[in-house]
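Structure record follows, encoded as structure tokens.
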Amino acid sequence: MVGGGPQSDNVIHRMAMDDPIPWWKKPHLRNMYLLLFPCVIGIEMTSGFDSQIINSAQLLPAWKEYFGHPTGGYSGILASALPLGSVLGLPFIPLINDNFGRRWCIMFGSCIMIIGTFIQGFSKNAPMYIIARAIIGFGLPYAIVAGSCLIGELAYPKERPILTSLFNACYFIGAIVAAGCTFGTQRIKNDWSWRIPSLLQMAPSLLQVVFVFFLPESPRYLMSKDRLEEAKNVLIHYHAEGNADSEFVKAEIAEIKVTLEIELEHSKQSWADMIRTAGMRRRVLIGSLLGLFTQLSGNVVISYFLGDVLKLIGYTDPSFQTKYNLGNQCWSLVCGVSAAMVVMRFRRRTMYLTGIFSILAVYVGWTVCTAVFIAHKNPVAAKFSLFWIYAYSPAYNLCFNALTYTYLVEIFPYAQRARGIAIFQFWGKAAQFFGTNVNPIGTQAIGWKYLLVYCCWIFAEAALIWFLWPETSNRSLEELAFLFEDKEDLTQLQQKRVETEQGVGELDNEKHSVVHERQV
């Protein structure tokens, strides 16, 4: 088992955690956080909106009639076109994210999604609908990868874990709006019952297009492009409320510079970097598994095919299904935000292991109750199944929702962060594509027994998390850049950090403060 090791004594982390002034009493930082919501944290609303567009649309008579009452593989491809488009777009994300900056990458992805949503809303047939969803999927990971990087790199260290956790929680805002909108439009007796929600899917992307350039660029990106003064100004303005003499910002600038120098000296900023060292291979393995786990832990069954599982336990009324679905999304938002609020109170491994074992317990309970209902038509078992579906949300949110981007930002260093999150997205979207195609076939072919497959797989996930996941809490991003690296790099960083802490008052000189000769 991989333990967390000794707690950090990093000066940046210590100074941030000892800061007695809360963020809402810092005007510049407060304004930045308020802007982060519509144009960055809200990116995941598109993913949530999409899951409920498909989940809810399948309950609409007009949608089913228009697309020929899709079932099995046909139903699967209508849902899975979006993750397929995401997989196609992922290899090119670092080209924009690392060369043009986080904000331009968000803008690019958002514009692509707006185009795709417009085509989706006015689709004339199933192929046009599938292509439109693939276009949305192509643009979505550009915004997600850049947005998660930007949050982690702009946030004050004290609030960073909470903000990156809220990023994923916004999924449920989009899901609630989509479920509520579709619940309202089901009374429309024509194609606009599904076209209106489809067009509304562009709303989060419109927010990003309007607001993203009101945010500053990532100071780490600016430093990597030798735009040191711009980076300093961003950190001074937001992390020190305009105080250029802030000891904290001086130490922060020095540590970022030193870490970037070491990282970029060892990196060609190419995909080959992801397998060059044992440490990077370990990161890629964890990121890939995390992508699989976030989509293959049974959540796709509830997110995309809730109607099918409700039919298994006798709830076939579309009105009940839409109400139950809307209630579940509201409950999930509460669970997601609550989990994000407690990430600073618990260690990462503790939350992951508690969450995955809770998911396993929920799936076992759900499977048993569904089997009992089908065998004996026991209404109590059916009601318990409804309970277990709701119980799934706090379990899933505790680990895979709250911690996903927090953990990814922490385990991947700056030079490979965009590629690392893109790899996570690849496996996540591939798993989503697999799940959205296989789940309707599985539930149709073997019914409740299909849930047993998830019980076994979730147990395997728990074992892998137990043995592979390292502890990352209570450390700065720069310190975590060497989480898996060899002793030579770690010793070099520690020496630079000692120099930084001893000479923090002399860090304003760009040429001579922390740029030293070193041997690798």
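Cβ atoms here come from the backbone N, Cα and C positions, even for glycine.
Note that TrEMBL annotation is computational and uncurated.
Among the ranges 74-97, 410-433, the stretch that TrEMBL annotates as transmembrane segment is 74-97. Away from its own ends, the transmembrane segment (284-306) comes close to residues 51-52, 54-55, 58, 79, 175, 274-275, 321, 324-325, 328, 356, 359, 363, 389, 392, 396, 400, 404, 407-408, 411-412, 420-421, 423-432, 434-436, 439-440, 443, 451, 454, 457-458, 461, 464-465, 468-470 of its chain (Cβ-Cβ under 8 Å, at least six residues beyond either end). Spatially, the transmembrane segment (387-409) is not adjacent to the transmembrane segment (33-54); fewer than three Cβ-Cβ distances between them are under 8 Å for residues at least 6 apart in sequence. Residues 50, 54, 58, 67-68, 104-105, 108, 116, 126, 129-131, 133-142, 145-146, 149, 269, 271, 304, 418-419, 422, 425-426, 428-430, 432-433, 436-441 of the same chain sit 6 or more residues outside the transmembrane segment (74-97) yet have a Cβ under 8 Å from a Cβ within it. Predicted-model confidence for the domain 'Major facilitator superfamily (MFS) profile' (36-473) is 87, expressed as mean pLDDT. Taking pairs at least six residues apart, the transmembrane segment (128-151) and the transmembrane segment (351-375) share fewer than three Cβ pairs below 8 Å and do not count as touching.
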